[in-house]
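Inspection log for the structure reproduced underneath, given as structure tokens.
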């Protein structure tokens, strides 16, 4: 399939179900993909942060892409994260995920190494030059400790280096600057990574959303997307607020016992397990599992949103 | 060889010379190792931050360890970094570098994923359980954005999980807490990663140092170590101050044009090239090369320290 | 006058014009107030960050409040910042600004001293207990290095401690949590401090906005507010985008020569001077003045927005 | 008295004892000053961070300086903090504390307002030009969120703007750069604010120390200073380690209930109360008081150090 330019709609970052001994659970992954397709999503993003890409070995990453691409075929565009510290290591992942069939790669700024805007620019240029598929920038300061400046992204869009931006920065004002500026660059896709302000992002002109919570409730996000596209902002706000309440599940984990990643990804997986979509809610190491009480709270969030 | 417990002395994080097309330059790497051995160092740390481990592909990392271990044999202990984001990925590196002959592994806290002290503890426990060689914790907040708390390190030392600490945090007060506390744990090695306060660290009881600048001037750091061990603090201070002046080279790169990693590693490699030890001063991508003027400034630092 | 509950509409943080020798320029301040009133604003916020409250002496702060309140009478509500490091010092400012006639006080979390959520709660409780007028929380992490958690704000709203929130955090998702939660607390006012996402904030239910740029173009922000209230989101977006372009003026200052405060407040004052509203564009020390070229760029932003 | 150039020795940041209703407890303050003088200290620093300057009203600050200067006369140099956000406000404090008799002022970088190195330089130049007494820079990034660069401090030392540096940054390598560079500027005083590495700082050439814990054990720090000056580094290390163990008291406060300031200053005041020096251990608002159990732990630290 031709990769859409611009990519639009709801593109969930697909969770990676694991077996109790922490191997990729292929049947559960396929059921999750079916659940998302049935929910009406417009694309699939594998190996993102919500997919626990940072925790998967190279072998597991490859298996995830092959599994999803092999199953979905040309039905939906499949984007894959190529998450690593620096240019040479990212290039190896680009080779691996495109060989496995990914139709676009999603790449962060360098991390671990201290970096500089001119180095970030060079990073994206080198990767785009080597990649057989479009490159989408992934702005996620909470993970890489750098914010991609709007003018940097727009400069690379103008030069055809980047095909889009997935913005998980939470900074809507900077996001707006990219959305507005990108109107000059036909085909460039601006996607929000937020679960909580999808209506706001679409209202100001975003092309779509990549919400982790769409694993749990794809129908809700697709409904929200359609309401926004139809200009029914009142109904959109109401649907968004229902999803905001559901998102409260990411806080069930005791902060004295675990980090926010353990809590949020643990909650998404517990919800998928409670909804009968995946077999096992385990997360990758060194993340801490939710307790029984915490899982019960996830169930209450599902019930409150009409999903149980 | 048996890995020393505790490891003591000067253990440089070995730079990784590259060819102009950014492959590992094996002959230059061997000359650099010879230069360090001749300088009297007490061990070699490959695949650390100064080694550009974050920039090397898995294939390159393996080649570095094989080259250095193959050459040095049982002459000196060789430690290898297993630098990656999370437990499963670090475990793969531990397997690779120990298969290639590394006698200890050096491991940071998880990064990219948001983390929690209990998750860091679990991370080190899992890695130590799986590693055939001693595990040394690598505290480098500037890269991983977490500081290893002293009590966490001491707890893992008490349980025999960790064999040592390489502290690149720059926080001497916290370092002292580990040094003092570690006296209860025979064989635990506390090493400073600082170039600039080696005399201070040794005076308060550290076992050794892992200074990146020792690539350029191993004789100086070995001399400094011996003066400290002999209790000749006046002469030690004088040698340390000479090395501090030499370290000024890390600032030659224009901050409007490059990050601190490009400048510092670029300067070390330029110095090694000017001293005739490596063939090419190129750094890995996306780092920015030093200009001719900036390299000339490196030369002045070398001349000022009596090294040219 | 009775202070409105909730406060709604456009409430500019009023710039503090200074004379060339950096005294409060009372005639210019009165002209600025007239300009804002004529623009249709719904209240005035003096001694905020845009007012350079951090730079004004106690004597100057008092003069500002007396001047504005004395002029405006009961025409519009006047809020005053009580910006200082800790509870006892803030209490002194509350006494001073309410004696001078302020009808509400705006208070940040403690700063300089390291703080804790329980201490922030105690801070607001003590201040509200002592204040003769309503207390509005001021969430400005870029200045105080703490983000007010939504649940903390909502807890204090529920207890009647806080009468509102001015949110300058830039985090629209957290802002939404307060807006949604505050529906349970009649009379509580949720105001955005952003210049760039006023339409988004109002669309999700905010009561009003406190945009620094409204000094320069009050008519624009009042128009934007009315369009949002009328549900004309297309026209609102267009007006907001015009104001976003105008806001570009805050970046005219050379970052090699000055900080963002010098540049942004310098630009607002230069614009007010170019529009003939204030006599002198000088900012308080140690801020750096804009160059002639930089002021010329401010003029181009004004021209581009149809304001010159 | 002439202010010493350079100032050397142990210069405690004097705690500010409060009454139960949080007024300055003058008799306790005088007893504390006597305790410090009797301990052999070389100067007194009032209105520093450990003095809770950030929490004291202007009236209370004046009372502290008048009380201490009135009592101590020309016996010892008295330095006073002039802690506020920006140049005009700091200048008011400089006027107040020098009118009350302070012989030097201690001034941080601007805070709350975002700042830039050129603005920090201008800040110190303006203050020094207006101050009738020497100005000492106070580097405390944990409070003001800016680190004073070594070259900035040395440039202002060279120009005679600054008379010294109190470094509470915890960055010994940067501190060393100032110490080494300041040898060219006779009379410039470089003081460490650390409690835990005083021996290290003196060994590399510092002039003295400003340790908050010296309120509790002035004799210990004076002994440590003398041992360092005598070059008896073994005995110095032993004394320093005793003081490090005593400093553990700053961690008695439950981090789930209070911030580090409440815990550390609370512990110092509890220790002074337990030692019979001050009447009441209360801290300023919004700090949280230590519980009875936490105070008991302070007592154990005192007993362990031979002070009860």
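One is the number of the first residue shown, and numbering goes on along the chain from there.
A Cβ is built for glycine as well, from the same backbone N, Cα and C atoms used for every other residue.
If you look up TrEMBL, you'll see A:50, A:210 marked as pyruvate binding site. Of all Cβ atoms in the shown protein chains, 26 besides its own fall within 10 Å of the Cβ of residue A:50 (pyruvate binding site).
In this view, residue A:138 (active site, proton donor/acceptor) is surrounded by 28 other Cβ atoms within 10 Å of its Cβ, with every protein chain counted. Residues or ranges marked as active site, proton donor/acceptor in TrEMBL: A:138.
Listed in sequence order, the residues of the same chain lying 6 or more apart from residue A:166 (active site, schiff-base intermediate with substrate) and placing their CB within less than 8 Å of its CB are A:45, A:48, A:106, A:136, A:137, A:138, A:139, A:191, A:193, A:210. In this structure, residue A:166 (active site, schiff-base intermediate with substrate) is part of a beta strand by DSSP. Among the features that TrEMBL reports, active site, schiff-base intermediate with substrate is placed at A:166.
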For residue A:138 (active site, proton donor/acceptor): DSSP state (helix, strand, coil): strand
